[in-house]
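K.L.:
Dumping what Swiss-Prot says about this protein:
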- Asp68: active site (ACT_SITE)
- Asp70: active site (ACT_SITE)
- Asp150: active site (ACT_SITE)
- 431-452: compositional bias 'Basic residues' (COMPBIAS)
- 427-452: region 'Disordered' (REGION)
Amino acid sequence: MPKARAKKSEQTRRYDKNVIKAAQFDISPRDFSRNALNVVEKLQRQGFEAYIVGGCIRDLLLGKKPKDFDVATNARPEQIQNIFQRQCRLVGRRFRLAHIMFGRDIIEVATFRANHSDARNENQAKQSNEGMLLRDNVYGTIEQDAARRDFTVNALYYNPQDNTLRDYFEGIKDLKAGKLRLIGDPVTRYQEDPVRMLRSIRFMAKLDMFLEKPSEQPIRELAPLLKNIPPARLFDESLKLLQAGQGVKTYRLLRQYGLFEQLFPALSAYFTEKEDSFAERMIVTALTSTDERVADKLRINPAFLFAAFFWYPLREKVEILKNEGGLNNHDAYALAGNEVLDLFCRALAAPRRHTAVIRDIWFLQLQLLKRTGSAPMRTMEHPKFRAGFDLLAMRAEIEGGETIELAKWWHEYQFSNGEQREQLIQEQQRLHPKPKKKYYRPRRRKTTCSAE
């Protein structure tokens, strides 16, 4: 009996060591989403453990305003559904989650996970030959759940009931040091989910942190494992990486660790030692523009970003088809567009709504060459004209020469009145008159007279 009491006392001491008063970091329930607090409170009233978890706590500790609030609990998905009824929707097969709906606001609730080696059957956990977790639904305790998190700075739990934090892997200490550290063996954790390599880059750029050496070293060697990730998931991850406001910084890090070519293998042929090819300069120019738009809280369109990324590979393919296949400009663009988008979507499965816009932006580059007659007004009426013009302006910055003159003309045309526009068109017609059609005299048909 005394032995059991001693064991319990040891657990209590270990537990208390990991429980920290949130008030010392100026954190209180008012910093959290009302809906997330309601979910935690309802689960706790039903006798379950429940905490607000992960990135929102990390962001609050860094003085940032969180965007999302997630909850972790020891309630199973079916139990969560019984509590929240029609307000709850269960999602995911690989990683079973509950979404609690508050109108347009969704609170994601996950059941505490244990090590997948504790699984009793393949319905709970399953791994591929490369070590990737195909299913991860082994449930456990809060301590086990913390060990399943990716980085120490994300393994933080908040209990609004007593305003305390739980930190099992010194995440707060790492956060103060600006250090990203994987929980567990880095090789194993990257093999379990190769997307963790991309998450490490995203957090380095977003949080301005460094990746500790043991977590950093395996990335370049394990980068090819990203080929095992479904292209649709990689597309979503690419948006998180490149459209969060740190696109240029993220791109540099992805190149540094050999990850960019895994996401965009069709672009790797255009990489140079000095990183100064037209394609590389376009990537940086497009990402700089995206970062500025995010900072200004303007709308961003992923289709524009990828249309810019693949513009020079498209141009190269167009010239090949024209020179070797004898195709006209329009047909060469259509066929080249199909081939380039096919290569893009093999790695990142972009939805059709995006690929359709990418095509529009590319074809507008042809239309922008037409500056006489009624063509300019028809081009300006195209729904994607502004995106097409923005790509032209970026090309002018990179290519110089005639492209600068073309971009200037269209800038002036957009902001001119009717009379000024007509003058601009007439000037173009004077500079580039249509060749006169040659008049061919019809030949007289020869008639053959039969001899009588």
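Cβ atoms here come from the backbone N, Cα and C positions, even for glycine.
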K.L.:
Does anything in the same chain, at least 6 positions from Asp70 (active site), have a Cβ under 8 Å from its Cβ, and if so what?
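P.N.:
Those within reach of Asp70 (active site), by Cβ under 8 Å and sequence separation of 6 or more, are Ala36, Ile52, Val53, Gly54, Gly55, Cys56, Ile107, Glu108, Val109, Ala110.
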K.L.:
Around Asp150 (active site), which residues of its chain at least 6 apart sit with Cβ under 8 Å of its Cβ?
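P.N.:
Within the chain, Asp150 (active site) has Cβ neighbours under 8 Å at Leu182, Ile183, Arg189, Asp193, Arg196, Arg199.
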K.L.:
For Asp68 (active site), which residues of its chain lie six or more apart in sequence with Cβ-Cβ distance below 8 Å?
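P.N.:
Looking at Cβ-Cβ distances below 8 Å from Asp68 (active site), excluding near sequence neighbours, one finds Gly55, Cys56, Glu108.
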K.L.:
Quick one: what's DSSP say for Asp68 (active site), helix, strand or coil?
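P.N.:
Note: Asp68 (active site) is coil by DSSP, not helix or strand.
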